[in-house]
Structure formats: C-alpha cells, structure tokens
C-alpha cells in the first residue's frame, strides 16, 4: 500500500513538472511572437511615414506645376472655331457611348463656348444639343414625379438652354417640341417652358415698327443708313443723303457721311438768327440689335419766347368757370379765321434740331466736312451762322491698358479742351 502511494506521488510530481516545462515553452513562444509583431508594426509605421512624405511631395509638385482637369473639354482645345467643327464634336459625343455619360456637363460646356464658334443664334445647334440626351429615361411615370421635377439636373440643364435661346431671340420650331416630348414627356418642365416661349415670342417678333434684317449686316455704312432712317421717322418728309468727304476741298478724312434732314428743318434753319450760334453735339449711341452706331446732331438753343407764347395761348377746354354765352352780353371773339403759330416736332424744350448724321470715322474733320456739304446742298445760311463743336470723346479701356498713366492724364486734358465750344473755321 505504501509502495503504491509513493508511485502515485512520483507520477504526480512528474506531470506537474512537465506542465511547468510546457507553460514555460508556451510563454517563450508567445513573447517571441509579440516581439516579432512589434518589430513588424514599427517597420510598417516607418513605411507609412515614408509613404506620407512621398505623397505630400507629389502633391506639392502637382500644385506647383499646373492643374490638370478631370474631364477633357474638347471645345476649349479646338484649333478651328467653326460651325462644322462644333457639330462634329457634338456628333462624336453622341455616337461614342450608348449611355452617354456626363451628358449634362457636355451640354453646359457646349453652351459656354457657343459665342467662340459663332453659333449662339443657330437653331440647328440647339436641337443637336437636345438630341444628346437619352430618350425615354427621363419621362415621369406618375403625378408625383411630374410635379417634383423628375431628374432635376437634366431638366434644369435644358431649361437653361431654352432660357439662353429666349435671351438671344432664337425662336424654336415644332421639331424641337417633338424632341422635348420624346425626352421628358408631356409633363416635363422643359416642355412647359417651350410652350410659354412659343406663346410670347411670335407676338413680339414682328412688333417693332423698324424691322431689321436677321442677322444684321456687317457693313458700317448699311447700319448707319438703318439708324438714321429709324431716327428720321418722326418726320415722314425727311430725306436721307449719303455724302463722300473726298468731294470736299481740304478734307483730311476720306470717309462716308449719312445725313438726315427734312424740309421743315431747312425752314427752321433759314429762320434762325445769324447772331446766335448752332452746335454740333455728340457722339450719341443708338443700338441696332447687338450693334451700336455713333451719331451727331446739329441743334440750337431753345426759342424761349416762342415756347412761352405757345403756352400762354393754350386754354383748358375742360375749364367751365369761364363759360361764354353768345345770347347775353358781348359775343365771343371768333377764332375761326385766325392764324396761329404751330410748334414743329423738331422744336423741343431742350433745343431745336436741324439735322442728324453718322460718319465713318466720327472725327471732328468729318463733321466739318458734313457742315460744308450741307451748305453746298440747299443750306447756304450755314456760311453766315457760327457753328460750334461740343465734341466729347472718351478714352477707351484698351487705350488705358496700353498707355501709361502720365499719357492718359495728358490725353484727358486734351479731350477737355476739345469739349469746349470750338468755332467752325
């Protein structure tokens, strides 16, 4: 019995010692793995720091050099700015991808560069841009999608395109209505915008009493004729004359002059006192669509006595405080056969206008040639009336960019001297 107990004790001691040995080996292995992982972590931390430094250096290099856009803009890179190139780029984008990704960005980029290609007033180009959108995908299926603007980004893009057309006076046609119907459906907001445009734009298209060709001609002489004819419509008897300064002796400028004058203005000029000066004023601006024309006026100071006499003779026909009954007292004075002075349309409160003109150079010499040509064509009184210039010219922005500040001050002083009343020589 005692021997058996000793055997058991020995076995238990051996198992306990073996457990201690295995625990020590396990703890040693765990410590070794922990040390290896810490070494790897330190190496990874150092690698990450190096990677961050490299990324920061690359970012500094890219920011220091130039910014490269994520999306390529073919309209800005085009070497030739024509309608054919513009339409070919739109066609390439349409046929490149069936899904037509980035179509909204492409349409906005195309609208931005329209003026560079000269197609901002071409209806065919606008229809080509609308055709870029995929068909049937943006049609609302219920009333909630219709009222809450189904696919708002695409609908707002086409609304902006239609707004640009309205601002530039480009009237859509019925083919564009069919295109919008296929893209956004009958409940789409772009189609509503189209209907409003087709209601108002035809009403205002031919409302102007002075119709202009579309597009307006590039010739400055033709534009000057249109401008002078428009301003001379206040008197139907006005005559438009075109002169050449080369027919004037000692003329410096070789240019054209478009002059407008009526017989009533000729009579007013003949009745003008010789001791009172008349003035050439300008330049003034008149707009013909997107073009501007400078014009000048030949005018005199207002005839105050004549205007006051007209105001004193006028009676208020609605005033019932001074009724005259022909059956009692003195009969009223008959005004049937009396002759009174009539105010001409050219006699305004600020002065009397005798003629208007537009010249090719808008210089003082061309205006002096205009006075000499008027004198030779039925207005000999101009040789006896002093003519003064109120000719004010401003320095353009381009001149301000080129000339230094000292030269600008000197030229400004010269212009101030020219703006004073200079007598005709």
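Cβ atoms here come from the backbone N, Cα and C positions, even for glycine.
Bear in mind that TrEMBL entries carry predicted annotations, made automatically and left uncurated.
TrEMBL assigns the feature region 'Disordered' to residues 402-425, out of the candidate ranges 378-401, 402-425. The average per-residue pLDDT of the prediction over the domain 'ECSIT C-terminal' (262-392) is 85, rounded to a whole number. Helix first, then strand, then coil: DSSP counts for the domain 'ECSIT C-terminal' (262-392) stand at 36 helix, 37 strand, 58 coil.
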